[in-house]
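*Asks:* Copying in the features that Swiss-Prot gives for the protein in this structure:
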- THR104, THR105, PHE132, PRO133, SER134, ASP135, ASP213, HIS216, TYR238, TRP267, THR295: pyridoxal 5'-phosphate binding site (BINDING)
- LYS239: N6-(pyridoxal phosphate)lysine (MOD_RES)
Amino acid sequence: MYKEPFQPTYEYALECDKHDELKDFQTEFYKKEGTIYLDGNSLGLLSKRAEKSLLTLLDSWKEYGIDGWTEGEHPWFFLSEKLGELTAPLIGALPEETIVTGSTTTNIHQVIATFYEPKGIRTKILADELTFPSDIYALQSQIRLKGLDPDEHLVRVKSRDGRTLSEDDIIQAMTDDIALILLPSVLYRSGQILDMKRLTAEAHERGIHIGFDLCHSIGSIPHHFKEWDVDFAIWCNYKYLNAGPGGVAGLYVNKKHFNRLPGLSGWFSSRKDKQFDMEHTLTAADHAGAYQIGTPHVLSTAPLIGSLEIFKEAGIERLREKSLHITRFMLNLIAHELSDFGFTIGNPLEDEKRGGHIYLEHAEAARICKALKANGVIPDFRAPNGVRLAPVALYNTYEEVWQSVMILKKIMKDEEYKQFENKREVVA
């Protein structure tokens with residue numbers, strides 16, 4: 001599919017673009033002329049199909065009013081379940097195990113409220129010190145709601161190098177006092193992929209439920225939840241899945257747990273045929289839909305309809321193949337062109353351990369990101385010293401990768417970054 005061996009040349013980049021089996025999808029996305037967008041790991045670009053599905057649902061409100069809940073091409077009442085079914089193949093789950101609902105953080109609250117049952121000596125939640133802050137805030141909150149002290153009952157696995165986690169260290173921390181585990185599938189800074197299959201097996205061997213935050217993996221790498229037997233997972237849909245800013249998130253619950261009453265319930269937790277009976281006793285849905293709480297955010301869900309159509313056509317395996325190849329090309333270019341400018345590659349180099357973005361460390365990272373933006377390259381900065389660059393398989397080209405590295409080289413060689421302040425913007 002892609003030309004081998006790797007060559008750090010412009011001609012090689014053009015040759016790879018020529019043989020890219022996914023190149024036709026690039027025209028599906030709105031790409032600003034004169035800009036190289038490498039921030040799809042933070043917010044994916046708008047596709048024409050996502051725009052169309054948003055306008056379609058807006059029109060259904062215009063045409064049907066209240067009857068839009070049951071009429072039209074995409075009846076709102078069943079939309080969360082329908083999109084869950086379309087998402088399920090991306091994580092290797094059954095359709096009934098997946099639901100589009102809430103936000104990442106509210107869904108963390110939901111699964112922790114459901115699965116965290118401190119009893120006897122098992123009172124602690126295991127996480128890690130490199131995970132996204134919102135995960136930690138939610139875990140601390142849920143521990144407090146049980147009347148416990150997060151300082152004592154939230155265990156965070158330490159990183160050996162400040163970038164990655166050792167799976168051996170995580171397993172060693174699965175002690176007899178651990179009641180529940182929540183880990184990232186891919187670390188948001190370094191892009192390290194954790195071995196979810198191994199960690200799940202080790203947790204279950206010790207009688208511990210385990211779940212994963214998929215925000216930086218879904219839509220970028222394949223998952224095999226049916227095989228791995230993961231207990232639960234949560235994710236956002238606005239990064240690699242291109243559902244738009246504030247797009248409604250996703251939640252997975254293994255079918256073996258369908259007999260559990262959701263920790264947080266609302267009327268959309270109901271079985272559909274019972275919901276409008278308005279009874280004060282909840283008859284929970286017998287699928288992941290039970291983990292919904294309130295009325296779905298229809299217009300914030302709508303873009304995902306068109307986006308998931310694209311993923312179905314492209315295929316997650318093909319997307320991963322290109323992602324690995326184009327990130328390897330970028331890594332090789334960085335090693336070849338930027339070795340004299342003080343950069344450290346902070347993500348794993350092994351394909352099986354590397355997610356969809358490149359993570360560069362530099363003492364001047366914040367001002368380098370500003371200089372890149374001034375030159376038409378959109379990265380993002382992560383404190384304290386990280387530059388993230390995500391060549392997304394659906395819409396980025398090898399030519400763009402080559403151009404972005406050359407622009408970065410010029411910025412460093414000419415010290416253009418020095419005209420900017422070395423601190424982050426309000427939104428990094």
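Any Cβ shown, glycine's included, is placed from N, Cα and C.
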*Asks:* Would you identify which of the binding-site residues PHE132, TYR238 has the most other C-beta atoms lying within 10 angstroms of its C-beta?
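*Replies:* That would be TYR238, with the highest Cβ count within 10 Å.
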*Asks:* Quick one: Cα separation, ASP213 (pyridoxal 5'-phosphate binding site) versus the residue listed as 'N6-(pyridoxal phosphate)lysine', in Å?
*Replies:* 13
*Asks:* For a quick check of understanding: given the listed pyridoxal 5'-phosphate-binding residues THR104, THR105, PHE132, PRO133, SER134, ASP135, ASP213, HIS216, TYR238, TRP267, THR295, what is the maximum Cα-Cα distance in angstrom, as an integer?
*Replies:* 30
*Asks:* Give the sequence-ordered list of residues that share a chain with SER134 (pyridoxal 5'-phosphate binding site), lie 6 or more positions from it, and have CB atoms under 8 Å from its CB.
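*Replies:* SER134 (pyridoxal 5'-phosphate binding site) has long-range Cβ partners THR104, THR105, ILE108.
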*Asks:* Among the binding-site residues THR104, THR295, point out the residue whose Cβ has the most other Cβ atoms within 10 Å, with all shown protein chains included in the count.
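*Replies:* Of THR104, THR295, the one with the most crowded Cβ is THR104.
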*Asks:* If you draw a 10 Å sphere around the Cβ of the residue listed as 'N6-(pyridoxal phosphate)lysine', how many other Cβ atoms fall inside it, taking every protein chain shown into account?
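*Replies:* 27, counting other Cβ atoms within 10 Å of the residue listed as 'N6-(pyridoxal phosphate)lysine'.
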*Asks:* What does DSSP say about ASP213 (pyridoxal 5'-phosphate binding site): helix, strand or coil?
*Replies:* strand
*Asks:* Just to verify a number: CA distance, PHE132 (pyridoxal 5'-phosphate binding site) to LYS239 (N6-(pyridoxal phosphate)lysine), in angstrom, no decimals.
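*Replies:* So the alpha carbons of PHE132 (pyridoxal 5'-phosphate binding site) and LYS239 (N6-(pyridoxal phosphate)lysine) sit roughly 15 Å from each other.
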*Asks:* Near ASP213 (pyridoxal 5'-phosphate binding site), how many other Cβ atoms are within 10 Å of its Cβ?
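*Replies:* Excluding its own Cβ, the number within 10 Å is 26.
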